[in-house]
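J.: For reference, TrEMBL lists these features for the protein:
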DOMAIN    1-151  domain 'Major facilitator superfamily (MFS) profile'
TRANSMEM  6-28  transmembrane segment
TRANSMEM  40-62  transmembrane segment
TRANSMEM  68-86  transmembrane segment
TRANSMEM  98-120  transmembrane segment
TRANSMEM  126-144  transmembrane segment
Amino acid sequence: DVFERGALGLAWLTSSVGFGAILAGVYLSQRRNTDGLRHIVIINTGLFGLALIALVSTDWFWLAVPSVALAGFAMVVCAVGAQSLIQDAVDSAMRGRVLSLYGLVFRAGVAFGSLIIGALAADFGLPWPIGTAALACVAAALIAQTATRNA
């Protein structure tokens, strides 16, 4: 227990993720189309990584709370934004099949990643695997931003 806050601290952190997710839903609901959404998804991939880096880098509870709120926001923007981009790009005759495959990969990827992080956490503690995954998010965002700028 890094923050030594018990159940109440966990409730604060969990609620903060939900608060960020709700804000992301409100933000995305205000968009009229997918113009610029790819860039927004890329930026939020990087923000998600940075928020997790802030989380694993601190033992101060009141910095962790906004960090996980930002992570919740960025996570929802990425997930819903990517799904919106897929829906917009795919022919309507194939949309259901493609979104089913996306859902399968999305859910299986989270489960597989959790398994890997859990296994690594047993040997190295939780901050290192999460921090490494967070750095991968930041790197992916930088690569995607560079690739889309050059496309």
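Cβ atoms are placed via backbone N, Cα and C, with glycine included.
Where the annotation comes from TrEMBL, it is an automatic prediction and has not been curated.
Fair warning: this is a prediction, and the values are worked out from it, not measured in the lab.
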J.: Please tell me whether the transmembrane segment (68-86) and the transmembrane segment (6-28) touch - that is, whether there are at least 3 C-beta pairs under 8 Å between them, with each pair 6 or more apart in sequence.
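T.: Yes, since the transmembrane segment (68-86) and the transmembrane segment (6-28) share at least 3 Cβ pairs closer than 8 Å, they count as touching.
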J.: Under 8 Å between C-beta atoms and at least six residues away from its ends: which parts of the chain pack against the transmembrane segment (6-28)?
T.: 61, 64-66, 68-77, 80-81, 84
